[in-house]
Each structure stands twice: as structure tokens, then as C-alpha cells.
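**Q** Quick one: the structure is below, and I'll ask about it shortly.
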Number of protein chains: 4
Amino acid sequence: MKRIAVLTSGGDAPGMNAAIRAVVRKAIAEGMEVFGINRGYAGMVEGDIFQFDTQGVTNIINRGGTFLQSARYPEFATLEGQLKGIEQLKNKGIEGVVVIGGDGSYHGAMRLTEHGFPAVGLPGTIDNDIVGTDYTIGFDTAVTTAADALDKIRDTAYSHGRTFVVEVMGRNAGDIALWSGIATGADQIIVPEEDFTFKDVVAKVKDGYENKGKKRHIIVLAEGVMKAEEFAAKMKEAGDTSDLRTIDLGHIVRGGTPSVRDRVLASWMGAHAVELLKEGRGGLAIGIHNESLVESPILGTAEEGALFSLDGDKIIVNNPHKARLDFADLARDLTY
Amino acid sequence: MKRIAVLTSGGDAPGMNAAIRAVVRKAIAEGMEVFGINRGYAGMVEGDIFQFDTQGVTNIINRGGTFLQSARYPEFATLEGQLKGIEQLKNKGIEGVVVIGGDGSYHGAMRLTEHGFPAVGLPGTIDNDIVGTDYTIGFDTAVTTAADALDKIRDTAYSHGRTFVVEVMGRNAGDIALWSGIATGADQIIVPEEDFTFKDVVAKVKDGYENKGKKRHIIVLAEGVMKAEEFAAKMKEAGDTSDLRTIDLGHIVRGGTPSVRDRVLASWMGAHAVELLKEGRGGLAIGIHNESLVESPILGTAEEGALFSLDGDKIIVNNPHKARLDFADLARDLTY
Amino acid sequence: MKRIAVLTSGGDAPGMNAAIRAVVRKAIAEGMEVFGINRGYAGMVEGDIFQFDTQGVTNIINRGGTFLQSARYPEFATLEGQLKGIEQLKNKGIEGVVVIGGDGSYHGAMRLTEHGFPAVGLPGTIDNDIVGTDYTIGFDTAVTTAADALDKIRDTAYSHGRTFVVEVMGRNAGDIALWSGIATGADQIIVPEEDFTFKDVVAKVKDGYENKGKKRHIIVLAEGVMKAEEFAAKMKEAGDTSDLRTIDLGHIVRGGTPSVRDRVLASWMGAHAVELLKEGRGGLAIGIHNESLVESPILGTAEEGALFSLDGDKIIVNNPHKARLDFADLARDLTY
Amino acid sequence: MKRIAVLTSGGDAPGMNAAIRAVVRKAIAEGMEVFGINRGYAGMVEGDIFQFDTQGVTNIINRGGTFLQSARYPEFATLEGQLKGIEQLKNKGIEGVVVIGGDGSYHGAMRLTEHGFPAVGLPGTIDNDIVGTDYTIGFDTAVTTAADALDKIRDTAYSHGRTFVVEVMGRNAGDIALWSGIATGADQIIVPEEDFTFKDVVAKVKDGYENKGKKRHIIVLAEGVMKAEEFAAKMKEAGDTSDLRTIDLGHIVRGGTPSVRDRVLASWMGAHAVELLKEGRGGLAIGIHNESLVESPILGTAEEGALFSLDGDKIIVNNPHKARLDFADLARDLTY
């Protein structure tokens with residue numbers, strides 16, 4: 001392959017720029033031409049595509065977000081959209097594409113694979129909920145940002161003897177809540193992967209103040225459970241009498257200078273994606289597993305180790321992500 | 001004076017610990033004994049008071065919040081509460097008190113002054129809304145934290161071509177919004193000190209995307225105007241068609257390691273408070289004006305330069321705080 | 001004036017980019033054309049000059065250093081160089097120039113003034129040693145970076161019971177040392193503006209460990225005094241027996257995301273520079289004094305309030321910078 | 001086991017406090033009594049040992065360094081010292097000990113094992129050079145701090161068109177240099193694990209400025225190679241003509257708030273150490289390998305998977321640490 005392109009899609013994540021830089025630099029080092037696609041699949045279909053030079057990715061390794069921009073683009077779910085996108089790429093002589101993003105991006109990459117166009121997927125999302133990888137690009141930064149906010153909230157919670165319910169992103173995954181909660185000594189961590197009762201939550205708050213000498217109580221709540229305000233209202237219904245406040249960290253957690261680990265992971269994966277395309281290999285998603293890079297077929301059966309199967313038009317996720325519940329136990333062991 | 005005490009009251013602010021440390025260290029350096037009062041006026045009335053040694057304030061200069069804790073305590077508004085508090089202090093031989101906090105704390109200091117007990121007030125609040133000082137302890141850190149979050153939000157806003165309404169604290173003052181907004185190149189800053197119309201806000205958003213080549217739009221909203229969600233709803237009513245999101249930075253802005261400027265200001269003011277009490281001077285609030293420390297009488301008339309007058313039981317604020325509206329003009333000049 | 005230019009010169013300082021942005025944005029808002037000069041006076045003489053549009057300064061408000069680059073350029077000290085530079089500006093129709101930098105930059109601006117070309121100076125240096133202003137652009141960030149490093153060094157000093165001599169920049173001024181030292185509770189601060197003896201330094205270290213219960217000792221040393229290694233060697237000669245290490249923070253202190261205060265100061269001064277040039281006023285340096293912007297004539301006599309006088313070819317600094325020695329006393333009061 | 005102790009030894013590392021907290025909290029949760037030993041093996045031999053309660057480790061999870069302090073203690077290399085230390089532990093009824101530290105600490109743990117006293121080792125060092133683990137506690141924070149400094153240095157290097165040789169810690173391992181260098185887009189990374197010639201280093205600098213359009217050049221140098229000043233001198237001998245500066249990040253890299261990853265790793269390992277001792281298992285070092293905790297025998301043969309063998313009094317390291325040289329290739333691929 002001599003000519004490839006790169007796009008980012010879905011929610012932005014810190015480290016996406018480092019991944020783009022790696023794709024561009026590695027491709028040029030390998031003697032390939034490399035193009036950027038603006039605004040994800042929308043830009044692909046509209047032909048919003050430009051050629052990179054090496055200087056085009058200078059000074060972006062440490063910038064948050066994605067300078068190629070991202071966009072939601074439901075039209076790419078249609079066959080017509082997909083074929084139009086492939087046509088735009090072929091018009092420019094582009095033979096393969098690196099897709100950086102989360103679920104939606106991977107679904108797009110699956111459609112490209114279905115139509116025989118070589119695509120390589122990189123897991124770019126803060127949520128750490130992508131199949132085929134231990135960690136996603138952006139996760140380490142997101143937990144760092146969340147933990148930084150939790151360290152700050154702890155100051156003010158202690159100063160006033162307050163209880164805080166702090167909602168963190170993560171879609172249906174509890175990973176951000178678990179890691180940031182353990183790292184900041186949160187008193188309780190509530191994730192979608194585990195059952196809980198408000199009676200127990202409230203009892204633990206009460207026990208902390210009355211019997212354990214605690215002067216504050218921090219509850220980290222994964223957004224996949226419910227909104228912080230609803231959670232707090234239900235705590236009150238269940239009898240909580242503490243000075244209770246809520247905060248939703250929201251989009252703060254998506255931004256910011258990527259962490260070293262995310263920059264290294266993004267650089268490593270981005271360079272590897274180019275190696276695969278150079279060898280003419282597409283239809284693969286790159287992951288990190290046990291400290292090594294691995295590739296999974298994007299489309300196929302569970303037995304083949306593929307990420308997705310198709311049942312007619314329905315997409316089946318072969319091995320859905322599961323958060324580490326041993327970390328939930330660890331968190332409980334270390335609060336008193 | 002040979003024996004003094006220190007308390008923090010009202011909302012916590014970064015730098016309060018640095019101020020406490022300065023009071024303790026300076027007092028001991030001057031050969032005085034110094035006591036800490038836990039939980040503000042509540043602890044004063046209850047006698048929750050302990051003696052410091054120099055090691056008692058080691059390693060706190062860079063900690064957020066207040067390790068003496070703070071508390072709301074409406075009971076101190078009663079004469080009975082005030083006299084009980086003074087009695088507790090006198091029981092321990094304490095002859096003067098340093099009060100660190102915002103409005104409520106200053107009202108308490110005013111009552112102590114009224115009853116002839118020497119109190120010195122230090123302005124500790126993130127809101128920068130205290131009379132008698134150009135800057136409060138905690139303000140510089142709060143704008144730093146808010147700007148850090150705005151830098152992050154800008155990444156994600158750009159990546160998705162979105163409009164964000166970001167609510168920041170500040171009670172009735174727009175200072176945090178103005179400083180953090182100017183520092184991060186916010187597209188609009190809405191503060192309680194200035195009128196605005198939703199029609200203009202929405203027109204500016206539209207003009208940015210359509211005519212100015214903007215790929216995102218950040219509106220910093222001071223909490224004194226309204227809640228971010230209400231603001232966004234009214235933008236939609238006024239015809240906004242952009243991809244609009246809200247975020248409330250909330251209590252994050254109260255916490256965190258104090259900035260250098262807040263640590264220096266707190267250290268300087270704390271040491272000066274001890275000098276005043278050592279000379280037997282109470283009934284004063286310390287401020288910084290034109291780069292020098294100044295003192296204002298806490299109670300008296302506007303002509304005497306006092307912070308408060310009493311009209312029967314009603315407290316009159318003699319020179320209410322005003323945010324710098326030249327900064328609002330500056331912000332407008334620098335967005336395009 | 002309809003057409004102006006901006007350059008940065010001398011050592012880079014965080015906030016220079018924010019100042020450039022303000023000059024560009026304000027000039028365009030005022031209907032002027034605005035040019036950037038690369039590499040300071042070198043670029044001026046060589047004609048390395050380009051026109052800005054508003055988008056040209058997007059996303060730089062929070063970047064450290066100066067994207068216009070800076071350079072030493074001794075040739076501008078010659079009459080020939082000066083006249084050549086002015087010619088280059090006039091060739092492009094440029095009628096005035098904003099010069100952002102430290103001493104060397106101001107000398108250049110003085111020469112432009114001497115030759116009748118309108119120049120406005122902005123104080124951009126981390127050292128805070130510029131006449132005519134209470135604070136320079138970059139100083140607040142530099143003390144923040146230095147204090148951040150000192151907070152880290154304190155951790156390791158405590159863990160090992162060690163003494164550290166930490167050298168910080170500041171040329172002949174002790175401001176960075178004083179502010180960062182007070183903010184981090186340094187045990188000793190050594191600045192060029194005050195005498196000291198190694199005997200006293202060593203005695204204080206010994207007294208701390210033996211009598212005051214200290215478990216570490218941090219000495220902040222301004223580079224204007226001597227190098228850290230030399231200082232440590234002299235402490236050993238004077239009898240120090242502690243586990244003594246040195247660190248030179250060096251160039252780390254010059255870089256980094258500018259602080260809110262530096263960004264606001266830079267924005268404010270940059271916009272004001274354009275206002276002055278628009279009115280046709282040159283030969284002035286902008287400063288901040290007592291929380292307001294002030295202007296000083298660049299060239300004239302001390303009585304006229306000018307920054308510099310010329311005695312033949314010799315430049316006389318009319319009111320040399322002095323660090324606040326009351327802060328040195330404050331630092332001593334708060335260590336025990 | 002009902003009564004255990006914990007100590008930190010060797011160079012301090014961010015995350016040690018989080019590990020201590022985990023040991024204390026988990027032990028108390030398991031119904032054990034837990035003691036802290038001050039100043040490492042020195043405190044063990046001197047009996048400087050105290051009992052913890054749960055509140056004793058409040059608010060330390062995010063503090064750098066080690067609040068138990070560390071110390072070099074060559075005397076523990078003697079049989080007499082070792083037996084005295086064990087006696088002190090037994091005098092207090094302590095049946096097992098958790099040792100947190102680097103090489104020296106592990107040697108001490110090996111001696112305790114040799115004498116039949118149950119010890120569990122946790123890898124606490126910034127250098128990432130401990131056998132039996134993919135990552136050490138403190139490494140992630142150290143690379144974060146180094147990368148933060150490199151981001152700052154890049155600003156100033158670019159502003160002046162300079163070359164910087166930046167020395168980072170790591171003893172004989174290049175890991176900190178490799179990770180921080182990749183993360184910041186360093187132009188060259190020099191580590192002890194790879195050969196290099198000054199001729200090549202200088203040629204690459206020259207090529208960057210002359211042919212690649214680079215406006216700065218950053219060389220990250222692992223301390224295991226040589227000192228930065230010596231390296232720069234040899235570059236000049238080899239013909240470098242660029243504006244060359246050096247900086248030694250030194251002890252800054254040891255301090256600071258631990259990263260989320262280090263806090264989680266430390267918490268996880270600390271809790272696991274208690275589980276092992278509770279089951280009466282000692283003579284083990286805990287590591288993380290392929291995202292799971294693993295244990296290696298401290299003493300035995302290479303075939304048994306032990307960390308160390310003894311040949312008389314000589315300590316043999318069975319599987320010395322090796323830095324990932326694929327990362328050195330990655331770094332070269334991504335610079336142009």
C-alpha cells in the first residue's frame with residue numbers, strides 16, 4: 001500500500017492527536033503518502049480530505065481532543081453512505097484507512113471491511129469499554145483528570161464535613177469510576193457492573209460519620225448507573241441525613257493534555273497500524289493485551305476471535321467488555 | 001496580647017491553611033501562645049479549641065481547604081451565641097482572635113468588635129467579593145482551576161464543533177468568570193454586573209460559526225446570573241441551533257493546592273494579623289490594596305472607611321464589591 | 001496608524017503568546033493591519049515579516065514560549081542595524097511596532113524611539129526585573145513552576161532527612177526565589193539583594209535538625225548569588241555536616257502553560273499597546289502599577305519618569321528594579 | 001499471622017505512601033495489628049517502631065515521598081545488624097514485615113528470608129529496574145514528571161532554536177528516558193542499553209536543522225549513560241555547532257503527587273502483601289506481570305524463578321531487568 005488515510009470518530013479522547021501523529025510520521029518514514037479526513041465518516045463521505053506533511057503534526061502530541069475533529073454521522077449506517085465514502089477514498093487513490101475511535105467508529109470500520117476496503121481500528125475513547133484491548137487511548141488521562149477533581153473535592157468535603165456524590169463518565173462501564181475512586185480513597189464506588197441498595201449506601205455513610213471517625217464521605221458514581229442528582233434524591237428517600245451535595249464532572253474528563261501512558265500507547269498503536277496496512281492487512285483492530293500489541297479481526301465469528309458478528313443487519317459484539325470487579329473488592333478493603 | 005486564637009468560617013478557600021500556618025508561626029515567633037478553633041463559630045461557642053505548636057502546621061501550606069474545618073452556624077447571629085463564644089475564649093485566657101473567611105465570618109467578627117473583643121478579619125473566599133481588599137485568599141487558585149477546566153473543555157468543544165455554557169462559582173460577583181474567561185479566550189462571558197439579552201448571545205454564536213470561521217463557542221457563565229441549564233434552555237428558546245451542552249464546574253473550583261499568589265498573600269496577611277493583635281489592635285479587617293496591606297475598621301461609618309455600619313440590627317455594607325467591567329470590555333475586544 | 005507589527009525578543013517567557021494574540025486581535029478589531037516579525041530584531045533587520053489574520057493566533061493563548069521565536073542579535077546595537085530594521089518596516093508600510101521582551105528588547109525599543117520610529121514596549125521576562133512595572137509577563141508562571149518543583153523536592157528531602165540547595169533563575173533579581181520560597185515554606189532564601197554569611201546559613205541548618213525538630217532543610221538560591229554547586233561547596237567548607245544535595249531548576253522555569261494571571265496581564269497589556277499606537281503614541285513602555293496599566297517614556301531623564309537616559313552611547317537605567325525585602329523578612333518570620 | 005510491620009527503604013518513590021496506607025488498612029480490615037517502622041532498616045535495628053490506627057494513614061494516598069522516611073543503612077549488610085533487627089521485631093510480637101523499596105530493600109528482605117523471618121517485598125522505585133515486575137511503584141509518576149518538564153523545555157527550545165540535552169534519572173535503566181522521550185516527541189533518546197556514537201548524534205542534530213525544517217532539538221539522556229554536561233562537551237568535540245544547553249532534571253523526578261496508576265498499583269500490591277502474610281507466606285516479592293499480580297521467591301535458583309541466588313556472600317540477580325528496546329525503535333520511527 002502506498003497511500004493511506006486517517007480519521008477520528010465518536011467522542012473525542014486525549015491521545016487521539018498523538019495517534020494521528022504516529023500514523024502520519026510512520027507512514028512518511030515508510031515512504032507512503034498519508035491523508036487526513038476531517039470530521040470522521042462525515043468528512044469521508046463529503047470528501048473533506050487533505051494530504052499531510054511531517055510538519056503538519058508538529059506540536060500536537062500533547063494536545064487534547066482531535067485536531068481532525070469528530071462528528072456523529074448516522075448516515076454512514078446506510079449502504080449508500082458507505083459506498084460513497086469508499087468512492088471518495090478511491091478517487092484520491094487511497095488504499096487503506098486508520099480509524100481511531102470508539103464503538104461507532106468500529107462499526108464503521110466493520111462496514112468498510114464488509115465491503116472489502118482495508119481498515120485498521122484503534123481504540124480511542126475515555127470509557128475503556130472497547131472489545132479487544134485491555135486499555136483504550138484516553139482512559140489513563142480520563143482517570144487522571146477525574147482523580148485530580150476528586151482530590152480537590154476531598155479538600156472541600158473535609159472542610160465542611162460533607163457527603164459528595166461525584167458522577168464520572170464511562171457510558172455503561174465502571175472503569176473510570178473504579179480507577180479514580182481507588183486512587184483517591186473514595187468511601188464508596190458505585191458502578192453498573194455491581195448491584196447495590198440505597199439502604200446499604202446510606203448505612204455506610206452513617207456508620208462512617210458515627211462510628212469510624214470520618215469527617216467526609218465521597219461516593220464516586222459511574223454515569224451508567226444514574227445521574228448524580230437522582231442518586232442523591234434516592235439517598236435522601238432512603239434516610240440519609242448528612243450534608244449531601246452532588247457534582248457531575250461531565251465533559252471535563254474528556255479533555256486535557258494526554259498522560260504519558262496514553263501518548264505512548266497512541267504512538268505505539270498508530271505506528272503499528274501503518275505496519276499492518278503496509279503489508280496489505282486490513283479488517284483488523286489493534287489492542288494492547290498483556291503489555292503487547294495484538295490484532296483482532298473486526299468481522300467474523302466469536303470462535304475466530306473477531307470483535308463483531310453480523311446477524312443480518314444486527315451487529316453482535318462477540319466479547320463484551322467487563323470491568324475488573326476485583327478492583328471493586330479492593331476499594332472496599334481499603335476504606336474503613 | 002499574649003494569647004490569641006484563629007478560626008476559619010464560611011465556604012472553604014484554597015490558601016486558608018497557609019493563612020493559619022502564618023498566624024501560628026508568626027505568633028510563636030513573637031513569643032505568643034496560639035490556639036486553633038475547630039469548625040468556625042460553632043467550635044468557638046462549644047469550646048472546641050486546642051493549643052498549637054510549630055510542628056502542628058508543618059506540611060499544610062500547600063493543602064487545599066481548611067484543616068480547622070468550617071461550618072455554617074446561624075446561632076452566632078444571636079446575642080446569646082456571641083456572648084457564649086467570647087466566654088469560651090476568655091476561659092482559656094485568649095485575648096484576641098483571627099477570623100479567616102467570607103461575608104458570614106466578617107459579620108461574626110463585627111459582632112465580636114461590637115462587644116469589645118479584639119478580632120482581626122482575613123478575606124478568605126474564592127469569590128473575590130469581600131469589601132476592603134483588591135483580592136481575597138483563594139481567588140487566584142479558583143480562577144486557575146476554572147481556567148484549567150476551560151482549557152480542557154475547549155479541546156472537546158473544538159473536536160465536536162460544539163457550544164458549551166460553563167457555569168463557574170462566584171456568588172453575586174463575576175470576577176471568577178471574567179478572569180478565567182479572558183485567560184482561556186472564551187467567546188462570551190456573562191456576569192451579573194452587566195446586562196445582556198439572549199437574542200444577542202445567540203446572534204453572536206451564530207455569527208461565530210457562520211461568518212468568523214469559529215469551530216467551537218465557549219460561554220463562561222457566572223453563577224450569580226442563573227444556572228447553566230436554565231441559560232441553555234433560554235438560548236434554545238431564543239433560537240440557538242448549535243450543538244449546545246452545559247457544564248457546572250461547581251465545587252471543583254473550591255478545592256485544590258493553593259497557587260503561589262494565594263500562598264504568599266495568605267502568609268503575608270496572616271503574619272500581619274498577628275502584628276496587629278500583638279499591638280492590641282482589633283476590630284480591623286486586613287486587605288491588599290495597590291500591592292500593600294491595608295486595614296479597614298470592621299464597624300463604623302462609610303466616612304470612617306469602615307466595612308460595615310449597623311442600622312439597628314441590620315448590617316449595611318458600606319462599599320459593596322464591584323467587578324472590573326473594563327475586563328468585560330477587554331474580553332470582547334479580544335474575541336473576533 | 002493603520003499598520004503595525006509585533007516581535008518578541010530576549011529570553012522567552014510564558015505569556016508572550018497571549019500578548020501577541022492580544023496585539024493581533026485588538027489591532028484587527030480596530031481595523032488595523034498587523035504583522036508578525038520572526039526571531040526578534042534579527043527578523044526585523046532581515047525582513048522576516050508576515051501578515052496575521054485572526055485565525056493566526058487561535059489556540060496559542062495557553063502555549064508557553066513564543067511562537068514568533070526570539071533570538072539574540074548583537075548587531076542591532078549598531079546604528080546600521082537599527083536603520084536597516086526601520087527600513088524593512090517602512091518597506092511594508094508598517095508605522096509602529098510592539099516589542100515584547102526584557103532588557104535587551106527595551107534597549108532596542110529605545111533605539112527605535114531615538115530614531116523617531118514609534119515603538120511600545122511590553123515587559124516579557126520571567127525575572128520580574130524590568131523597570132516601570134510591578135510585574136512582568138511570565139513572572140507569575142515562573143514562580144508557579146519553581147514552587148511546583150520545590151513542593152516535589154520537599155517530598156524527597158523529607159523522606160531522606162536531606163538538605164537541598166535549589167537554584168532558581170532570576171538573573172540579578174531575587175523575586176523568583178522570594179516568592180517561590182515563601183510559597184513553599186523554604187527554610188532559607190538567599191537573594192542577591194541581601195548579604196549573608198555561610199556561617200549563618202550552616203548554623204541555621206544545624207539548629208533546624210538539632211533543636212527545631214526539622215526533618216529536612218530547603219534553601220532556595222537565586223542564580224544571581226552563585227551556582228548551587230559552588231554554594232554547597234562553600235557550605236561544606238563552613239562546616240555543614242548534613243546530607244546535602246543541589247539541584248538547578250534551570251530552563252524548566254522558563255517554559256510551560258502560562259498562569260491565569262500572566263495570560264490576563266499579557267492580554268491587557270497587548271490590547272493597550274494597540275490603543276497607544278492607534279493614537280500615534282510611541283516611545284512608551286507599558287507597565288502595571290497598583291493594579292492599573294501605566295506608561296513610562298522609554299527615553300528621557302529620571303525626572304521625566306523615563307526608563308532610560310543616554311550618556312553618549314551608554315545606557316543609564318533610571319530606576320533600577322528592587323526586590324521586596326519585606327518579603328525576605330516575612331520568610332524568616334514564618335520559618336521556625 | 002496477627003501482627004505485621006511495614007517499612008520503606010532506599011530512594012523514595014511516589015506511591016510509597018499509598019502502599020503503606022493499603023498495608024495498614026487491609027491489615028486492620030483483616031483483624032491484624034500493624035506497625036510502622038521509621039527510616040527503613042535503620043529504624044528496624046534501632047527499634048523505631050510504632051503501632052498504626054486507621055486514621056494514621058488518612059490523607060496520605062496522594063502525598064509524594066514516604067512519611068515513614070527512608071535511610072541508607074549499610075550496617076544491615078552485617079549478620080549482626082540483621083539479627084538485631086529481627087530481635088526488635090520479635091520483641092514487639094511482630095511476625096512478618098512488608099518491605100517497600102528498590103534493590104537495597106530487596107537485599108534486606110533476602111537476608112530476612114535467609115534467617116527465616118517472613119518478609120514480602122514490594123517494588124518501590126522510580127527506576128523501573130526491579131526484577132520480577134513489569135512496573136515498579138513510582139515509575140509512572142516519574143515519567144509523568146519528566147515528560148511535564150520536557151514539554152516545558154520544548155517551549156523554550158523552540159523559542160530560541162536551541163538544542164537541549166536533558167538528563168533524567170533511572171540508574172542503569174533507560175526506561176524513564178524512553179517513555180518520557182516518546183511521550184514528548186524527543187528528537188533523540190540515549191539509553192545505556194543501546195550503543196551510540198557522538199558522530200551520529202551530532203549528524204542527526206545537523207540534519208534536523210538543515211534538512212528537516214526543525215526549529216529545536218531535544219535529546220533525552222538517561223543518567224546511566226553519563227552526565228548531561230559531559231555529553232554536551234563530547235558533542236561539541238564531535239563538531240556540534242548548534243546553540244546547545246544542558247539540564248539535569250535530578251531529584252525533581254522523585255517527588256510529587258503519585259499518578260493514578262501508581263496509586264492503584266501501590267494499593268493493589270499493598271493489600272496483596274497482607275493477604276500473603278495472613279496466610280503465613282513470606283520470602284516473596286510481589287510484581288505485576290501481564291496485568292495480574294504475581295509473586296516470585298526472593299531467594300533460590302533461577303530455575304525456581306527466584307529473584308536472587310547467593311554464591312557465598314555474593315548476591316546474584318537471576319533475571320536482570322531489561323528496558324524495552326522496541327520502544328527505542330518506535331521513538332526513531334516517529335521522529336523525522
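Positions of Cβ are set from backbone N, Cα and C atoms, glycine also.
Just lifted these from TrEMBL, have a look:
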- D:3-277: domain 'Phosphofructokinase' (DOMAIN)
- D:Gly11, D:Arg72, D:Tyr73, D:Gly102, D:Asp103, D:Gly104, D:Ser105: ATP binding site (BINDING)
- D:Arg21, D:Ala22, D:Val23, D:Val24, D:Arg25, D:Arg154, D:Gly185, D:Ala186, D:Asp187, D:Lys214, D:Lys215, D:Arg216: ADP binding site (BINDING)
- D:Asp103: Mg(2+) binding site (BINDING)
- D:Thr125, D:Ile126, D:Asp127, D:Arg162, D:Met169, D:Gly170, D:Arg171, D:Glu223, D:Arg245, D:His251, D:Ile252, D:Val253, D:Arg254: substrate binding site (BINDING)
- D:Asp127: active site, proton acceptor (ACT_SITE)
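Mind running through what each feature is packed against?
**A** Counting only same-chain residues at least 6 apart in sequence, those with a Cβ under 8 Å from the Cβ of D:Tyr73 (ATP binding site) are D:Ser9, D:Arg39, D:Gly40, D:Tyr41, D:Ala42, D:Val45, D:Gly81.
Sequence-distant neighbours of D:Val23 (ADP binding site) (same chain, 6+ apart, CB under 8 A from its CB) are D:Ile4, D:Val6, D:Val34, D:Val98, D:Gly270, D:Ala271, D:Ala273, D:Val274. D:Val23 (ADP binding site) falls within a helical segment according to DSSP.
Look at D:Asp103 (ATP binding site): DSSP puts it in a helix. Neighbour density for D:Asp103 (ATP binding site): within 10 A of its CB lie 19 other CB atoms from the protein chains shown.
The Cβ neighbour count for D:Arg245 (substrate binding site), using a 10 Å radius and every protein chain shown, is 18. In the three-state DSSP classification, D:Arg245 (substrate binding site) falls within a strand.
The Cβ of D:Asp127 (substrate binding site) lies under 8 Å from the Cβ of D:Gly11, D:Gly102, D:Thr136, D:Phe139, D:Ala142, D:Met169, D:Gly170, D:Arg171, D:Ala173, D:Asp175, D:Ile176, each of these being in the same chain and 6 or more residues away along the sequence.
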**Q** Near chain C, which of the binding-site residues D:Asp103, D:Gly104, D:Asp127, D:Arg171 can you find when the cut-off is a Cβ distance under 8 Å?
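**A** The binding-site residues close to chain C: there are none.
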**Q** Please work out the mean pLDDT for the residues of the domain 'Phosphofructokinase' (D:3-277).
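**A** Residues in the domain 'Phosphofructokinase' (D:3-277) carry a mean pLDDT of 96 in this prediction.
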**Q** Let me check the 10 A CB neighbour count of D:Arg171 (substrate binding site). How many other CB atoms are there?
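**A** Here the count is 20.
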**Q** Report, as a single number, how many Cβ atoms besides its own are within 10 Å of the Cβ of D:Lys215 (ADP binding site).
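**A** Taking all protein chains shown, D:Lys215 (ADP binding site) has 17 Cβ neighbours within 10 Å.
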**Q** List, in sequence order, the same-chain residues at least six positions removed whose CB sits under 8 Å from that of D:Ser105 (ATP binding site)?
**A** D:Thr8, D:Ser9, D:Gly10, D:Gly40, D:Val99, D:Gly121, D:Gly124
**Q** Counting every protein chain present, what is the number of Cβ atoms, excluding its own, within 10 Å of the Cβ of D:Arg21 (ADP binding site)?
**A** 28
**Q** Between C-alpha atoms, which of these binding-site residues comes nearest to D:Arg245 (substrate binding site): D:Arg21, D:Arg72, D:Asp103, D:Lys215?
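**A** Considering only the listed binding-site residues, the nearest one is D:Lys215.
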**Q** Quick test of understanding: given the binding-site residues D:Arg25, D:Gly102, D:Ser105, name the ones whose C-beta is under 8 angstroms from chain A.
**A** D:Arg25
**Q** Out of these binding-site residues, D:Gly11, D:Gly102, D:Gly104, D:Gly185, which one has the fewest other C-beta atoms within 10 Å of its own C-beta?
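**A** Counting other Cβ atoms within 10 Å of each of the binding-site residues D:Gly11, D:Gly102, D:Gly104, D:Gly185, the minimum falls on D:Gly104.
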**Q** Within 10 Å of each Cβ, count the other Cβ atoms, then let me know which of the binding-site residues D:Arg25, D:Arg72, D:Arg254 comes out lowest.
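**A** Among the binding-site residues D:Arg25, D:Arg72, D:Arg254, the lowest count of other Cβ atoms within 10 Å belongs to D:Arg72.
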**Q** I'd like to confirm something. Which of the binding-site residues, D:Arg72, D:Asp103, D:Thr125, D:Arg254, has a Cα closest to the Cα of D:Arg21 (ADP binding site)?
**A** D:Thr125
**Q** To see if you understand the setup: which same-chain residues, six or more apart in sequence, place their Cβ under 8 Å from that of D:Asp187 (ADP binding site)?
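**A** Looking at Cβ-Cβ distances below 8 Å from D:Asp187 (ADP binding site), excluding near sequence neighbours, one finds D:Lys204, D:Val205, D:Gly208, D:Lys214, D:Arg216, D:His217, D:Ile218, D:Ile219, D:Thr335.
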**Q** Sort out the sequence-distant neighbours of D:Ile252 (substrate binding site) for me: same chain, 6+ apart, CB within less than 8 Å of its CB, listed by position.
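**A** The list for D:Ile252 (substrate binding site) reads D:Thr145, D:Ala149, given in order along the sequence.
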